[in-house]
């Protein structure tokens, strides 16, 4: 609406702002003030008809008070000292990658030490993902019902306790149960992304979520380095105990974490949300928006049916497959890397397996120093994976970034059909892991952006649960099927990623350049376009 809106009353001018529009929008070149000529004093505004027959929007219904929403406050306060602290603390929770990376190191060690057949080795890996799969939706529901901070704290403490306890497992059945309980706790750690994203201004969100993934990469690298030092001297039990250190540090710093202001507003706790926003403004040295914080309509939170409304049904189903393929391929590559390095190259792995079977079904080989070195090189690929994704995600969008990552991984998997030497093998695995980890990171950016606050944690939790289904299946492909045919194994991973690339292209919503949606009762896009002066199609650097 431009200019003034004529109402059939007496001449009196009232100036007001759009509901939810902070004073900061004026600095961006968009005036929040509009004049209305009124012929007579009325105690309350009533809907009137414009010349084109459209009713006056409800957002013009507050002529006396300036108001703002959490989105306005987060944008006005911007990125500063508070977000840097939050990045480090939530990053420590995200360093639980150590608990995942240890699977590729622990499996061959226990295979040799306890003389486990290959199916029991695969089960030891899969049980972790069973725990994650069974708990991901539960942690998402807890985070939507009782708060992001509550769900995250409980899951981290759970993982820490059983992670340390598994280092004392006397027999196979004990470690199987305890690692399953560790997986149950890890299923809630992705909620750190939900909490983190809800404190980030729009222009910084994609970059910051991707940069927090650096903690995942650091965790995997640190785990390999720790294994090089600990395994030859102290053994795998100490490796399990020491791998819980980042979570122990996070547990000690948990008291500093605030609850999400978006969650507090949605649950009707306006005073707590306002106090949190003032705390952030103080730490960042930025002014709060003028006016009164608008309390969103309270909604049912954490309801599965909201993921399947007409606006989100296809998004949910496609995202489930994308997350499944991401985890299936990522963890499959992690496990395949160990197997391929022990064999030397792809072409000799089948003959090597046959020789091992001829000798003894329980014959095993410990990881050598060269294996650890090559494992470290492929693990380091996650850093360029972050950088590449960081560079392209705001240029080509979230959907195309995920599609590109899947396509490159699929192509590298097909190149492994060639009889390449160890050096070329390392390069191909390096590139494949860089891009599949980049695709995973893009999914972590896209998913919290596409769902509204009422179902954001549940949406991320269910997607994480589907990822664990893929991770649950992958050991039987990367370790068991590999014994029958290395080429069929590679074909499975390549084909899955090709389908995931298509699924990424068919996602109905692109979230690049959009704010976080607060209400599930509005069509996607109504309150999502950034309040800056850029156009919707404009790239935001």
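Note: Cβ is positioned from N, Cα and C throughout, glycine not excepted.
Remember, it's a predicted structure, so these values are computed and weren't measured experimentally.
Annotation source TrEMBL lists domain 'Major facilitator superfamily (MFS) profile' at 85-512.
The feature region 'Disordered' is assigned by TrEMBL to 518-541.
The transmembrane segment annotation in TrEMBL covers 86-107 (among others). Remote same-chain residues near the transmembrane segment (86-107) are listed as 121, 124-125, 128, 152, 156, 159, 163, 182, 186, 189, 192-193, 195-196, 199, 208, 211-220, 222-224, 226-227, 231, 236, 239-240, 243-244, 246-247, 249-250, 253, 256-257, 331, 334-335, 337-338, 367, 375, 379, 479 (criterion: CB distance under 8 Å, separation of at least six residues from the stretch ends).
Per TrEMBL, the feature transmembrane segment maps to 119-142 (among others).
Among the features that TrEMBL reports, transmembrane segment is placed at 154-175 (among others).
For 209-230 (among others), the entry in TrEMBL reads transmembrane segment. Beyond the ends of the transmembrane segment (209-230), by six or more residues, the same chain brings 87, 90-92, 94-98, 100-102, 105, 192-193, 196-197, 200, 238-239, 242-243, 246, 369, 372, 375-376, 379-380, 382-383, 385-386, 389-390, 393, 437, 441, 444-445, 448 to within a C-beta distance below 8 angstroms of the stretch.
For 236-257 (among others), the entry in TrEMBL reads transmembrane segment. Non-local neighbours of the transmembrane segment (236-257) in the same chain are 85-86, 89-90, 92-93, 95-96, 98-99, 102, 105-106, 109-110, 113, 149, 152-153, 156-157, 159-160, 163-164, 166-168, 195, 219, 223, 226-227, 230; each lies 6+ residues outside the stretch with a CB under 8 Å from one of its CB atoms.
Panel annotation: around the transmembrane segment (311-331), residues 100, 103, 129, 402, 406, 409, 433, 436-437, 439-440, 443, 446-447, 450-451, 459, 462-464, 466-471, 473-475, 477-478, 493, 496-497, 499-500, 503-504, 506-509, 523-524 of the same chain, lying at least six beyond its termini, place a Cβ under 8 Å from a Cβ of the stretch. Residues or ranges marked as transmembrane segment by TrEMBL: 311-331 (among others).
According to TrEMBL, the feature transmembrane segment maps to 401-418 (among others).
Feature annotation from TrEMBL assigns transmembrane segment to 424-446 (among others). Beyond the ends of the transmembrane segment (424-446), by six or more residues, the same chain brings 190, 193, 205-206, 209-210, 213, 216-217, 319, 322-323, 326-327, 329-330, 333-334, 336-337, 340-341, 345-346, 374, 377-382, 384-386, 388-389, 393, 398-399, 401-402, 404-406, 408-409, 412-413, 415-416, 463, 497, 500, 507, 511 to within a C-beta distance below 8 angstroms of the stretch.
Away from its own ends, the transmembrane segment (458-478) comes close to residues 121-123, 125-126, 128-130, 132-141, 143-144, 183, 187, 190-191, 193-194, 302-304, 306-307, 316, 319-321, 323-329, 331-333, 335-336, 339, 443, 447-448, 450-451, 489, 492-493 of its chain (Cβ-Cβ under 8 Å, at least six residues beyond either end). According to TrEMBL, the feature transmembrane segment maps to 458-478 (among others).
The annotation transmembrane segment is assigned in TrEMBL to 490-509 (among others).
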Other parts of the chain folded back onto the transmembrane segment (119-142), taken as Cβ under 8 Å at six or more residues beyond its ends:
99-100, 103, 106-108, 110-111, 150-151, 154-155, 172, 175-177, 179-188, 190-191, 302, 304, 327, 331, 335, 457-462, 464-465, 467-469, 471-473, 475-476, 479-480
Sequence-remote contacts (6 or more beyond its ends) of the transmembrane segment (490-509), Cβ cut-off under 8 Å?
314-315, 318-319, 321-322, 325-326, 328-329, 332-333, 346, 399-400, 402-404, 406-407, 409-410, 413-414, 416-417, 436, 439, 446, 450, 477, 481, 524
Same-chain residues at least 6 beyond the ends of the transmembrane segment (154-175) whose Cβ lies under 8 Å from its Cβ atoms:
93, 96, 99, 110, 114, 116, 120, 124, 135, 139, 142, 181-182, 184-189, 191, 237-241, 243-244, 247-248, 250-251, 254
